[in-house]
Every structure is written in structure tokens, then in C-alpha cells.
Amino acid sequence: MKNANVALLQLCSGENTRDNLAQIEQQIKQLNSGIQLVMTPENALLFANAASYRHHAEQHNDGPLQQEVREMARRYGVWIQVGSMPMISRESPDLITTSSLLFDSQGELKARYDKIHMFDVDIKDIHGRYRESDTYQPGEHLTVADTPVGRLGMTVCYDLRFPGLFQALRAQGAEIISVPAAFTKVTGEAHWEILLRARAIENQCVILAAAQVGRHGATRRTWGHTMAVDAWGKIIGQNPDAVSALKVKIETTGLKTIRNQMPVLQHNRFVSSLVPRLSDSKQSSK
């Protein structure tokens, strides 16, 4: 794809899935024609607690939340990436993952990525202690997918702090890497832009990062600043704090020139041990 139009939705999701879906659809309705891919943030369909995540977790390619997104993709004729939602583990039905799902414009599930790195940290904010591993099983596989806008590598939020994952996605042919996120206000203000631009520069990929913004319950506050960064590290679009869509035009034609002039992939002497799970129609039907 030489040029493509993408919309990154900045949301303030909460505990009510219907309200969250309505918020997503309202933003999609306001988009101009020509948008090929819509990306949503982490926790796009549900921003709640462990009990609620377990209650709403769905089977792969089956469930009411996925059906709503499937119908939305068909209705508006766009690809939609759900930044993350709770899913039942493919390895064990007793465990859940926080997973990013990619649907095509016909509503078919084309790719799934289970978040690899769990946000188990202590932050100097009201919430204080974050322990995703108490709720979720970490993923173990890379996911890359062919889309109308280019070859897409998938990550989620805290994954942004682990450059080896991004290098592995680049090695699997990623031209674009998505980073749906719910960065805290504290960590976002300090690190968000720096990390996004660094990952773009290091891997010579376009970075697309849809974000949560605002307050979610009594103790959670997210940074927002949805952002798109080109392969040279230039910010090509950002939305600081509005609950609205960021529309950007991306192009991947310059990637070849940048990569030929500075062949960092060939120069890299470190190899990831992660096993790639390439997305295709066979994976989607499992």
C-alpha cells in the first residue's frame, strides 16, 4: 500500500460494554469515507476489574462482543482492530488473556494477538499497585497480519517497553506496528512519546498508537495522546486529550529507501526466541 487512511480512536472506556461500543460507533460514524482501518485502544470494550474481565471473556471467534464489532465492520465497510478485550485462553479454558483482535471489512476475524508482557508495576498514582498477571495469562506468540494498509505487527500497551518484541515483528515483515494502550497519566507523561518514537526509529516502521484518556472509576487515570509516528520518528498526527478520532494518512513507500540506506535489521546480531504466529485464514478459524 502506497498511501492509506487510518483512524485511531481515543476513548474513555468504562465498565459498561454497551456504552463503550456506542462510543466506538459514534466516532466511526463521524469519519469521512476513505478510511480503511480503524484502531481502538487497550480495554476498548471493557475497562473494569478482574471479576468483570473474567465474566465477559469470550471464546476465540465467538461471543457477543466480537459479534458487535463484526457487524460494525460490515456496516461501515472498514477493518477494525479491537485494541484489547478479555478472551478465554486457547491453551486452557480456565485462564484468560488480554487480546487484540483484527477484523476485516466483512467482519471476519483475521488475527489475534495475546498480550505478552504483563503490567506488574508500582506507580506513584492513586491506584498505586498494578498486577495484570493476577488476572491474565501472558501470550507467547508474535502476530503479524496483511491488511489493506500494509503488513501489521500487533502489540499491546506495556509491550512498548520491550524493544526485542518490536525487532522480532520487524523481522517477520512488519511495516506498521500497532500499540493500543491505556498508559497511566504518570507513565504516559514521562515516557509515552519517547518510547513510540524510539520504536519507530529503531525498527523503521510506522507506529500507530490508539490510547485511552481520562478517568476510569475512582483510581484509574489514563494519559491519552493517541499518536502516529512515521518510520523516521516524525509525529504525523496526535490527539492530546479529546475523546475523538485521529485521522492520519500513512505511506509505506519510503520504508524501502530508509531500510536500504540504514540496514539495521541486517546489522542486528541479537535473535528473539519468541515463536511467530503468522495470521491467516487458517488461524482465524481455529
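Here the Cβ of each residue, glycine as well, is placed from N, Cα and C on the backbone.
Fair warning: this is a prediction, and the values are worked out from it, not measured in the lab.
GLU42 (active site, proton acceptor) counts 27 other C-beta atoms within 10 Å of its own C-beta, drawing on all protein chains shown. The DSSP secondary structure for GLU42 (active site, proton acceptor) is coil. The active site, proton acceptor annotation in Swiss-Prot covers GLU42 and rests on sequence analysis.
Around LYS115 (active site), the C-beta neighbours below 8 angstroms that are at least 6 residues distant in the chain are SER84, THR97, THR98, SER99, SER100, TYR136, PRO138, GLY139, THR155, VAL156, CYS157, TYR158, ASP159. The feature active site is assigned by Swiss-Prot to LYS115, with sequence analysis given as support.
Here Swiss-Prot flags CYS157 as active site, nucleophile, drawing on sequence analysis. For CYS157 (active site, nucleophile), the Cβ neighbour count at a 10 Å cut-off comes to 25, with all displayed protein chains included.
Residues or ranges marked as domain 'CN hydrolase' in Swiss-Prot (evidence: sequence analysis): 4-252.
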